[in-house]
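Structure record follows, encoded as structure tokens.
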Amino acid sequence: MPTFDQALRKAGEFGRFQRRVFLLLCLTGVTFAFLFVGVVFLGSQPDYYWCRGPRATALAERCAWSPEEEWNLTTPELHVPAERRGQGHCHRYLLEATNTSSELSCDPLTAFPNRSAPLVSCSGDWRYVETHSTIVSQFDLVCSNAWMLDLTQAILNLGFLAGAFTLGYAADRYGRLIIYLISCFGVGITGVVVAFAPNFSVFVIFRFLQGVFGKGAWMTCFVIVTEIVGSKQRRIVGIVIQMFFTLGIIILPGIAYFTPSWQGIQLAISLPSFLFLLYYWVVPESPRWLITRKQGEKALQILRRVAKCNGKHLSSNYSEITVTDEEVSNPSCLDLVRTPQMRKCTLILMFAWFTSAVVYQGLVMRLGLIGGNLYIDFFISGLVELPGALLILLTIERLGRRLPFAASNIVAGVSCLVTAFLPEGIPWLRTTVATLGRLGITMAFEIVYLVNSELYPTTLRNFGVSLCSGLCDFGGIIAPFLLFRLAAIWLELPLIIFGILASVCGGLVMLLPETKGIALPETVEDVEKLGSSQLHQCGRKKKTQVSTSDV
């Protein structure tokens, strides 16, 4: 009885049918990138902000002040670099403290000795000068409420984490396609609610839910793509779909620049997900998943459809396909750590996901601290990631998965450590080394997706990838706090932490089995055999080397 991989080779491993499905699902990567980094523009700091008191409000109306005049006459001088974004005041002049009973002049400080009015902390009635409206001005996320802006990104990553557990499990139990479609619908609905949220609480709740569904759509589409093509094509589709994520990062600044409000940006992020519901008629359920669920006839129907579109034909020899699993069981967390090889892979992959998220997001946010044009800087940061994908495509088939995976982490780690100790007087060298670190961690982030999906058996693949990548979401939750809290102690301290994490990760991933050119494992036993067979081969090579040297 033929296996699924044999039937897929007969139907075409990457023919016209797979290319069409692949291209359509890759678009999910663009919209997920919008969601993943959209807070940079949704929560962009206003150019200036300050607060009004009762007398300042009356004076502004009577004297017809411009925003700049009100800023200069009612708030204390702010000594910060002119190029720094988000200049603002958390205090105002207490104009009500003057003893005069007459109306203040349009230069209210003349009523105070030495033009020195007392200061008081702001408590509301904020004013903003900004090119585009943002959630900062919408919900007054400044001064004592500034931490709430960090919460908006943390809650999104928490949603990603919840989606990894819940929808990853659901996709393995109920099917890839149905969970993908539900997730896309959820991203659209919750995104619209976020755009028109009447208050911050509603905004946060539905942003969390959008994170849940966003993660479900992204991870499920990635698994569908890797399961519908042959083993030789998995490296290409696994990396190219990451390039579409980078494409989303490159496109987003243009959308944000030409969209005058944060609500418009939020709708641009969310509404395209409704279009993915049309995939119900063109994207099939994963036939590999159907076989593991004892639905071989449905899988054969899809394979015949694939073969017809690819100009192939499945003979009567393929009327049945082998179901590898004697017993089909629902996935469990314990399955990921029950056996030695699965346990080792799971723990290393979790650490790799965590490291990739912390270092990647940390380096991205650190670039934002240097000021400059937000839109251009963000666009350039996206372009830096493209060579990483090309380097992966050139190396992983020649060198395997482990060596590029380890090298990219080590390059990122060493670059962070070197940058931390380079003197400020040679900015070109610091920028060059930092860019090399960004390139390295981008490659590591993209390779971990591919390796994770190749190391887990079919019955656990979606659940396993989702669970391990949950550590990526956990890293995303703590990355902003790790960066800014450590930078307050010493600006370069976060780079040292990032460097240590990435370097350690580079060593650990060398302990993973090599997956170059192998068939996707169908069962846990396949994974155990994969690890033990490679260990045995390694031992035989060492033995041969010893005997040769003795001769």
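Here the Cβ of each residue, glycine as well, is placed from N, Cα and C on the backbone.
For ASN72, ASN99, ASN114, ASN199, ASN317, the entry in Swiss-Prot reads N-linked glycosylation site. The motif 'Proline-rich sequence' annotation in Swiss-Prot covers 284-288 and is backed by similarity to another entry. Among the features that Swiss-Prot reports, transmembrane segment is placed at 21-41, 177-197, 236-256, 264-284, 376-396, 464-484, 493-513, with the record citing sequence analysis.
Feature map: Swiss-Prot annotations on the structure.
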residue: ASN72; record: N-linked glycosylation site; DSSP class: helix
residue: ASN114; record: N-linked glycosylation site; DSSP class: helix
residue: ASN199; record: N-linked glycosylation site; DSSP class: coil
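In this chain, the transmembrane segment (493-513) does not touch the transmembrane segment (236-256); fewer than three CB pairs sit within less than 8 A of each other, excluding pairs fewer than 6 residues apart. On the backbone, the CA of ASN114 (N-linked glycosylation site) and the CA of ASN72 (N-linked glycosylation site) stand 16 Å apart. Under 8 Å from some Cβ of the transmembrane segment (464-484) lie the Cβ atoms of residues 150, 153-154, 157-158, 160-161, 163-165, 167-169, 171, 215, 219, 222-223, 331, 333, 336, 346, 349-351, 353-358, 361-362, 365-366, 449, 452-453, 456, 494, 497, all in the same chain and six or more residues away from its ends. Distance noted between the C-alpha atoms of ASN72 (N-linked glycosylation site) and ASN199 (N-linked glycosylation site) is 31 Å. Listed by sequence, the residues of this chain that lie at least six past the ends of the transmembrane segment (177-197) yet keep a Cβ under 8 A from its Cβ atoms are 28, 31, 35, 163, 167, 170-171, 203, 206-207, 209-210, 212-217, 220-221, 224, 263, 266-267, 269-271, 273-274, 276-277, 279-280, 283-286.
Cβ neighbour density within 10 Å is lowest for ASN114 among the glycosylation sites ASN72, ASN114, ASN199. Counting residues 6+ beyond its ends, the transmembrane segment (376-396) has Cβ neighbours under 8 Å at 40, 235-236, 239-240, 242-243, 246, 249-250, 252-254, 364, 367-368, 403-404, 408, 435, 438-440, 442-443, 446-447, 450, 516 in the same chain. Computed over the motif 'Proline-rich sequence' (284-288), the whole-number mean pLDDT of the model equals 88. Counting only same-chain residues 6+ beyond the ends of the transmembrane segment (493-513), those with a CB under 8 A from a CB of the stretch are 341, 344-345, 348-349, 351-352, 355-356, 358-359, 362-363, 366, 401-403, 405-410, 412-417, 419-420, 437, 440-441, 444, 451, 455, 482-483, 486-487, 527, 530-531, 534.
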